[in-house]
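Each remark here refers to the structure printed beneath this line.
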There are 2 protein chains.
Amino acid sequence: MKAVAMPTVSRVAVCGGTHGNELAGIYLVREMLKKRADGTEPVSVVTVMSNSRAAQLCVRYVETDLNRCFTRAALSAPVSETSPYEMIRSQELNALLGPKASAQAVDLLCDLHNTTANTGLCLITYSDHDWICLHICKHLQREMASTPVRYVHFDIPLNEAYSLDSVGKHGFAMEIGPQPHGVVRSAIFSAMQEGVQLMMDWICQFNSGMLFEGGWVDVYTMVKNIDYPRDSETHVITAAVHPDLQDRDFCLLHPGDPMFLCFSGETLRYRGKEALYPFFINEGAYYEKGVALSLARKRRVQIPSVQRDRILREWD
Amino acid sequence: MKAVAMPTVSRVAVCGGTHGNELAGIYLVREMLKKRADGTEPVSVVTVMSNSRAAQLCVRYVETDLNRCFTRAALSAPVSETSPYEMIRSQELNALLGPKASAQAVDLLCDLHNTTANTGLCLITYSDHDWICLHICKHLQREMASTPVRYVHFDIPLNEAYSLDSVGKHGFAMEIGPQPHGVVRSAIFSAMQEGVQLMMDWICQFNSGMLFEGGWVDVYTMVKNIDYPRDSETHVITAAVHPDLQDRDFCLLHPGDPMFLCFSGETLRYRGKEALYPFFINEGAYYEKGVALSLARKRRVQIPSVQRDRILREWD
């Protein structure tokens with residue numbers, strides 16, 4: 001199979017603190033900001049603290065979830081001084097790193113996140129055929145010895161894509177767990193640091209003209225969310241994730257498997273007809289969103305060999 | 001050794017939601033509130049949601065940490081409508097369950113807490129010679145198969161004791177971890193439910209006149225707190241708890257052992273002269289308090305046999 005020629009990845013954005021209590025990304029961005037660029041870097045990297053107000057308060061957001069404010073509609077909505085802070089901030093970030101879906105947008109946007117779920121490292125994207133993102137995933141899978149790396153795909157059109165990473169020409173959330181919100185665990189910080197470094201290594205090698213062989217990548221495509229059982233009147237949850245399911249992100253869940261253990265003692269089972277892969281199991285920030293876990297279908301995606309476009313090389 | 005005769009434990013308070021994002025206690029209290037007393041219970045139990053406003057918002061506190069508002073000074077301070085909510089609430093709780101250090105106070109106050117640290121179940125008290133608390137601890141240690149149970153002692157005079165449990169004649173925080181704040185994990189909920197049930201079982205047996213044999217209990221007395229390394233100008237933390245120390249609560253820390261791993265990569269070691277027992281390692285709520293971990297000295301305390309006072313029995 002002939003290598004697909006792709007443009008140089010010249011401008012990269014690494015963002016942290018899009019959620020102000022996901023601390024590994026916040027401290028990694030702070031470390032990166034300390035190291036001033038000396039102009040000799042092979043790639044232009046802009047490092048951004050996305051929601052510094054929320055980070056200051058160590059809360060997910062101040063007024064509304066910033067990482068839901070990057071739809072086409074939200075980015076073009078009129079804002080004023082009285083708009084929620086994050087609605088204003090998303091437009092600032094779009095001006096800085098985008099505009100979304102324009103030629104001016106950064107080539108790659110990596111947005112750093114943490115989850116209380118036992119996900120390992122996930123690259124979360126809106127595309128199952130973004131060869132750059134898929135090759136970076138393959139590179140991380142090859143190089144990271146102690147962290148499982150997975151590719152998660154939300155099948156949503158770009159206009160409706162709501163997260164910061166959708167502003168870049170290529171982009172993903174780099175999501176690592178488990179880590180409590182408001183806590184930084186050294187091993188999670190180190191995994192994130194390694195993940196970002198490996199991403200940069202890959203980009204530099206790609207830009208230098210290296211050919212990356214194609215192959216296969218497992219892609220987990222999000223199918224649906226499952227909410228907690230709730231009291232019909234108060235909407236208060238009446239069960240926690242079952243101990244047999246807790247921490248088993250990306251382990252196949254079969255029909256009939258235990259899903260919740262009610263506070264009253266009763267076990268509730270998965271009633272779906274299809275075995276699916278659970279992820280974001282018991283993510284703390286999703287109680288308010290009505291999500292106890294998400295379910296994905298896995299398939300193997302063949303990715304082509306890629307190489308930097310040779311024509312572009314002459315322009316640099 | 002002759003059994004020490006002690007008064008009946010007639011009135012018990014079980015409190016949850018003193019911190020509004022420590023969810024196991026909140027859901028356990030909600031479950032207990034569903035089960036209305038039918039008047040046949042051998043012990044009077046009052047179940048309290050201590051900080052329902054904070055629980056509603058799923059935050060530790062609204063204006064100030066409620067569990068620091070039970071010193072003699074705070075409980076006798078004048079309050080008005082403009083006082084912090086928790087300052088008003090602590091006085092309400094003192095009126096309901098105390099007054100602290102009075103004959104009217106509940107006989108035993110059990111306050112339910114969770115921590116992000118890997119503590120197992122701790123009974124945290126202000127006394128190393130409260131035979132009721134120590135016997136309950138011994139009972140839990142005997143009966144709980146899968147959860148380590150420890151007795152932690154803060155050596156602070158009752159006037160300065162700042163937490164809700166200090167309002168009861170006997171009292172402790174039942175602290176269970178690890179659990180992220182804002183998350184309920186089924187196994188942690190079940191351990192807490194079991195701990196409370198075993199406490200009630202012990203009280204009922206004690207009240208019925210059963211003799212409890214004395215013995216030895218390990219007591220961890222808090223010695224000092226250790227803060228994170230911080231930037232001298234910004235006070236932002238510059239390191240996380242070292243991976244070799246993370247999750248090793250109550251494992252002896254020796255001088256020279258790794259304590260922090262700086263975000264820059266450097267390892268910082270424990271510089272104390274005495275081997276001590278770390279606990280509350282990387283508790284999320286303590287970043288703002290300047291506590292990365294606490295250190296305790298362990299010793300074995302001999303506790304006497306106890307039995308309900310026979311004279312009192314005639315009065316009931």
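Cβ from N, Cα, C; glycine included.
These come from TrEMBL:
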DOMAIN    B:10-202  domain 'Succinylglutamate desuccinylase/Aspartoacylase catalytic'
BINDING   B:H19, B:E22, B:H113  Zn(2+) binding site
ACT_SITE  B:E175  active site, proton donor/acceptor
DOMAIN    B:217-298  domain 'AstE/AspA barrel-sandwich hybrid'
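Here the features listed in TrEMBL are placed on the structure.
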residue: B:H19; record: Zn(2+) binding site; CB count, 10 Å: 26
residue: B:E22; record: Zn(2+) binding site; CB count, 10 Å: 29
residue: B:H113; record: Zn(2+) binding site; CB count, 10 Å: 26
residue: B:E175; record: active site, proton donor/acceptor; CB count, 10 Å: 25
Between the residue listed as 'active site, proton donor/acceptor' and B:H19 (Zn(2+) binding site): CA-CA distance (Å):
12
8 Å Cβ shell about B:H19, B:E22, B:H113 centroid, Zn(2+) site members excluded:
B:G16, B:G17, B:T18, B:N21, B:G25, B:R60, B:N67, B:L112, B:N114, B:T115, B:E175, B:H181
Just the number: how many Å between the Cα atoms of B:H113 (Zn(2+) binding site) and the residue listed as 'active site, proton donor/acceptor'?
5
From the Cα of B:E175 (active site, proton donor/acceptor) across to the Cα of B:E22 (Zn(2+) binding site), what is the distance in angstrom?
10
Check the DSSP secondary structure of B:E22 (Zn(2+) binding site), expressed as helix, strand or coil.
coil
